[in-house]
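Under the heading compositional bias 'Basic and acidic residues', TrEMBL lists 599-608, 626-637. Look at TrEMBL and you will find 645-654 tagged as compositional bias 'Polar residues'. Residues annotated as region 'Disordered' in TrEMBL: 587-608, 621-654. The transmembrane segment feature in TrEMBL is assigned to 6-25, 37-61, 108-127, 147-166, 172-200, 381-405, 425-450, 471-493, 513-540.
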Amino acid sequence: MSSLAFIFDMIFSCIVTLILLYRCGDYRRQHPITTGAVFIAWFFSILIVFILPLDISLAVYQDCLDHPPPVTIQPPIVNLITSNSTGFVCPRPWSYINPDVYRELWRVVYWTSQVLTWFILPLMQSFCETGEFSIKGKIRYAIKANLIFYGVLTLLFVVLIIYVATKVSLTWSYFMATIVAASTTWGLFLLVLMLGYGLVQVPKNIYNHSRTVYMLGHIQFKLSQLYNEKVEIEERLDSLIDDVTKFCMQIKANDPLRPCLEQIIKIVPEQYSNRIKLTMDDYDNNRIAVVNHFNDFEKERELIKLHERLKKNIHIHNRVQVSWVQMIYEAFYLEDIVNNEKNTNHEFVRQNPLPPSWFRKYLFDGHPVLEWYTYCLIRPWALRLLGVLLAIVSLLVIWSEMTFFSTRPVLSFFAQCVNTARNHYSYFTIEVFCCLSIAYLCLCAYYTIFRIRILDYFYLSLYHLTDDNSLIFAATFLCRLTAPLCYNFLGMIHLDQAITNKTDRDETIFTQIMGHLVAIPIVSMGFNFYFPMLICLLSIGTFFRLGSRCLHACGFRQFFDDDGISAEYVEDGKSLMARERRNYGGVDTLAHTTTATERQNRRRELEEKYGLRSASAMASNNLHRNNSETRRLRSSVDEPLLNAGSDTATRSGK
């Protein structure tokens, strides 16, 4: 029976991973190898939430056997083991299994994560993003693209080994400990950055969702930015389709490069295929003449570049189209709540032109009073309460991070709680408390990864529209955070002898396998003890939005409810909502492609209001023209777009 907890944790972690991977990716479009590698990386990063607490309770039990207290106590459970001390029995944990299982599991989790994050995933990322047409070409590109990365990594590692060899006698075991310490130290650096943002932003974001007027303004601000992005990506696609058409006219059916061109034509969206066909008809009827500017080698290189840009921009176009539908729905939903909050009859009147979800329709159709109390009274107060509770937990985490090196007195809140349960041999309490604590740390750290956006290079979207590159990039980060999260939490609860300096206590199997971070002298002298204290400074900066204010000052527009430019974007979002409400005739209408006239009018409006010009796709992508540079529209770097969807708006309900 004791193994059921372990089996349940494995199955539950697998289910959570599958749900996340299903929501973000599209297994029918992704390569099976990509899906498998990302699943393993995400699975291990979630598994530690449930396995580490079991390891901690096992360490408490083993410590009881090896160092029993001098008096006899009445154990709280019936499964008893007599210790070396006379008359004392140690209660066995309800989740007890053979320690060798944890020993092998931690080896698999750690070394698999390290191989994935440093070797396999970087190569897979380059393999997926290239425009090469053959497997051999993709592999060759992936190796070339990572030569600099591996060269710098090797150089730093050699310098590190030389430094360690000058301080201690370097044996094979010390060599492996140095690898673990170096990788974990880099992971701790990333963890500090992630927690510094997530510990503040998670409770703050939940609390802000109770401020319906604020959230409506924020959505309207992002609607304006998303429409700008929508116009720009359609311009880029127009230009890329022109380039595809020109290559169709230059590369004949008997040309060796024709199969490569056919691969490009297959991924062209349906609404652009007719344009290629019509242009080819005009060419066949001698109404268009084309000059061939490239030889065969140059033509192949240009086809590869065109293929890479077209894949990327088609994906962005699909994501923006579905994001537009989801964001419009969210804006109408919040607008309904704002309009109904002041209803004195306490009845919810729907003005949203879009149909409600099946769940909301099932619960509230015919019950407008219940709907009003749910959305206008219970929802905001529940979000406020949850936001305040999570803010208190975040403060306790920050306090414990700043004080976990103090063992006399014990100032860490988490160490105090675990010690109290430990004294009473309440293994179940230890496991539940540690599981919830690690889950919150993982939530705050992983939240940052899921919310960050690096231009169009990295962006995790829901509704099956995250590209392979972003999935692999996120998996790389999660692998690098897995071991540091365990080290950090064990330090917070004083189960790491390198922090407590107590050698009379048994440690977790994780620590026995991984060792302490003492192999690198500069690290063992206090870097990993005091560096996490920077979380406090980063949290203060996140609370006052110092990063967003700097970006806003540099021209990357961020949402501030007291800013004039943000107010103009909000007004623009209101006008876009009004236009969609007037034109509404179904989801396909909401996700329509803008016409050339609409894009031209939008560019003129932006230039008059903000002095911004759209980045012309003809300047950045056209292979045969040299236009002057233009300043690109800048989208928000503070938060990613609200939602993203499947390849078409029709699939957004998946």
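Note that Cβ sites are derived from N, Cα and C of the backbone, with glycine treated the same way.
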Next on the checklist: Quick test of the contact rule: Cβ under 8 Å, at least six residues beyond the ends. What residues does that give for the transmembrane segment (381-405)?
Outcome noted: 195, 199-200, 202-204, 206-210, 411-415, 440-441, 444, 488, 491-492, 494, 499, 529-530, 532-533, 535-536, 539
Next on the checklist: Ranking 6-25, 108-127, 147-166, 172-200, 425-450 by the number of C-beta pairs under 8 Å to the transmembrane segment (37-61), which range is first?
Outcome noted: 425-450
Next on the checklist: With CB pairs under 8 Å as the measure, which of the listed stretches 108-127, 147-166, 172-200, 425-450, 471-493 comes out on top against the transmembrane segment (6-25)?
Outcome noted: 471-493
Checklist outcome for this item: With the cut-off at Cβ under 8 Å and a gap of six or more residues from its ends, the chain residues touching the transmembrane segment (471-493) are 21, 24-25, 30, 34, 37-38, 41-42, 44-45, 48, 52, 56, 109-110, 113-114, 116-117, 121-122, 124-125, 128, 180, 183-184, 186-188, 190-191, 194, 400-401, 404, 412, 414-415, 418, 434, 437-438, 441-442, 445-446, 449-450, 457-458, 460, 499, 508, 510-511, 514, 517, 528-529, 532
